[in-house]
Amino acid sequence: MFSCQSLYKFSHSFRKRIPVMFQRAQQKSSLLHTQNESSHQPSLNKLGGFSSASLNFNSSRSSTNDDQQTFSSQSDNLPSSPITLPAKRGRSAASLKQLDNTVGFDVSKPSLPVFENSGLGSKYSTEIANGVYIDENDFDDDLLLENDIDQKPIPWSSSPIEHTKLTKSMLSSEKRSKNHLSKIYEDHTSEKGASSVISSNITRQGIKRSRTLPWAVDPYRYGDPDPKRTSTSADISQHTVSNDSSNKLSNGRSSSLDSLAKKRMSKSKSTPQISKKFSVPLNSASKSPIGSSLFKTSDSRKKSVPSIFLSDEQKRILDMVVEQQHSIFFTGSAGTGKSVLLRKIIEVLKSKYRKQSDRVAVTASTGLAACNIGGVTLHSFAGVGLARESVDLLVSKIKKNKKCVNRWLRTRVLIIDEVSMVDAELMDKLEEVARVIRKDSKPFGGIQLVLTGDFFQLPPVPENGKESKFCFESQTWKSALDFTIGLTHVFRQKDEEFVKMLNELRLGKLSDESVRKFKVLNRTIEYEDGLLPTELFPTRYEVERSNDMRMQQINQNPVTFTAIDSGTVRDKEFRDRLLQGCMAPATLVLKVNAQVMLIKNIDDQLVNGSLGKVIGFIDDETYQMEKKDAEMQGRNAFEYDSLDISPFDLPDVKQKKYKLIAMRKASSTAIKWPLVRFKLPNGGERTIVVQRETWNIELPNGEVQASRSQIPLILAYAISIHKAQGQTLDRVKVDLGRVFEKGQAYVALSRATTQEGLQVLNFSPAKVMAHPKVVQFYKQLASVNGLPIRNENKAPVQMRGVKNK
């Protein structure tokens, strides 16, 4: 009945364990016989044997209380010349060699039970005392085996997974012996999803490796049968089954999930998996276990990247750029989402040209703006330097640089941010250079333009005291652009009254009511958390002086963080020039209690412009230990204002700080990072360990000309109005007596989100200046209320011949 011809397929390590298994079986079989003599027959799942065809009795299980299995009538006969296996067998080489030559096993009595329906009679139904019993230790490593389901199953295995695999021949065999399968409708699986009896067109799915013992998964598998199960129920299959009749049992009955299995499955699905990483709650509240969350910036960014949601007018512009391929200029007042929309346009265009990344050139008029969007300056892209030469000389200069020529030839879309600071002369020169280099007579050589900026903000830098012309005054503006669009919905300020005041300030036409309201904002604002408003100055000198003065007032040791600069540009002087506009400084000096500003988005709560205070410097190991200790004690990690011990600290706080100091000393060689407590817009707090981030100056082909790795923090006591352009600040202090340029007052005051967070000193309507040409240019946009204005001087898009390949 059982043959061992396929024993050679076993692994060497598995064969070594077989003698031990039989030795253990001999010792336990007598005890098993004594215990079960007056009760039901033991489960066939506890018995072992060899079959050259299959173990189809292992693929399902009876629901009756005796938990018996029925053999197929197609089973092989017993071996004609069995050999006797000694009760005690060593692991000698001779013994293994004898085992390899074995064609069957005989233990003096029938080693396997034969039941009534097997066709072999019932006289052996009680003679199972010497049957082979498989101990749970034999299952230790079998579940790690991975076998192909399409291959013929091995004759016998201690792994329950092997008993579930049926081939086409097994199914046909079961169909011919249908009368013997009336009690075998349940499969031989656990609740984690093993295999039902399925058809030959089964789709193989990788077996999940596990060391879990089968009876630890299903208590009814190797003991008494589950009384809740019926003969028509079957566990859900782990394999993928087609939608046809392949999910039917071979006897024609449908495989269904019984109520207990459903309960188990739903429980396993609903139970959350505990992550080893620290999860960051987003509903932070002040001084609460959730509100004072602690995490590393690198972890948080992977978990929660700020999502970009576009308004209808923003979606319309995105469609005009990506789908309709129009050359456009979109603008809007401060806080209308120009930067958000531009980042989305860049993201979608790069995805569209992902196989040809150099087709999209991302540039900006200034190094700061270019660094913020991951691009390069317009001058660097064009290869024109200061562009003071004639067009012919510029073309000759560009042709000497093969990389620069290739950029011009490969570019399909040219993006220019902060175009308001590009003068008309430079724009016209670049347009002619593009036509000459690309040998294309179409405007800008057939390149699609995406321009954005606000001409009411900072104007082009005048050269040699000569006032520069605005970009919209250039000939290129009239010939190359299809549409001009103005964004109207303000996101930054929710107060309609404040929005109205800022719009009047932008146009340079303030009403008496607005003047009165701005003058009221000269009061001093006191904040309970001790964080000061950020002062905006028109010059870098004033910014450095203010920050230095504040830092000298802090009686703490300074900690210096030096940026790590790299890139394809080897000339340090040139690379430093490229990184000069980067928001991250080359050298950052911090102290405990220093006020800082985050200059990169971390998640939906901690964004560019968030204010915080340095409460200490710790290494990553100390951070992890303190976090775990706080979780175990049910408290907030780093719930104190400083890691240094103060005479005013309570005893329990001192004890925690002493422990922290000990941990820091134990890892004194590790790098210490700033530990910063940030203030959230909703009034809550978040304490994070801030580590290095990277800013790239990147060419369209992906080449990183310059890169800076630095802590994403700056001192927040003061920043320049120029660097504040594009920022959103909750607390702002501005002295308008210092402004000297048109648009500076508007840029500075429009950084604030509310009137409550804005302090204005020396306000005077005379300081509110808007250029008459800019006012006239925007009158057209105001008249159409955000609708696109077509450039009638521009040729239709299809005539430009810019098509996707």
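Cβ coordinates come from backbone N, Cα and C, glycine included.
Considering Ser81, Ser159, the record held by Swiss-Prot lists Ser81, annotated as phosphoserine. Of the candidates Ser29, Ser80, Ser158, Ser210, Swiss-Prot marks one as phosphoserine, and that one is Ser80. Sequence-distant contacts of Lys338 (ATP binding site), defined as residues of its own chain at least six apart whose C-beta falls under 8 angstroms from its C-beta, comprise Phe330, Thr331, Gly332, Thr452, Gly453, Asp454, Leu487. The Cβ of Gly335 (ATP binding site) lies under 8 Å from the Cβ of Val490, Phe491, Arg492, Gln493, Thr728, Ser750, each of these being in the same chain and 6 or more residues away along the sequence. The DSSP breakdown of the DNA-binding region (744-763) into helical (H, G, I), extended (E, B) and coil residues amounts to 6 helix, 5 strand, 9 coil. DSSP classifies Lys338 (ATP binding site) as helix under the three-state reduction. Annotation for Thr336 (ATP binding site): spatial neighbours Leu487, Thr488, His489, Val490, Phe491, criterion Cβ-Cβ under 8 Å with sequence separation of six or more.
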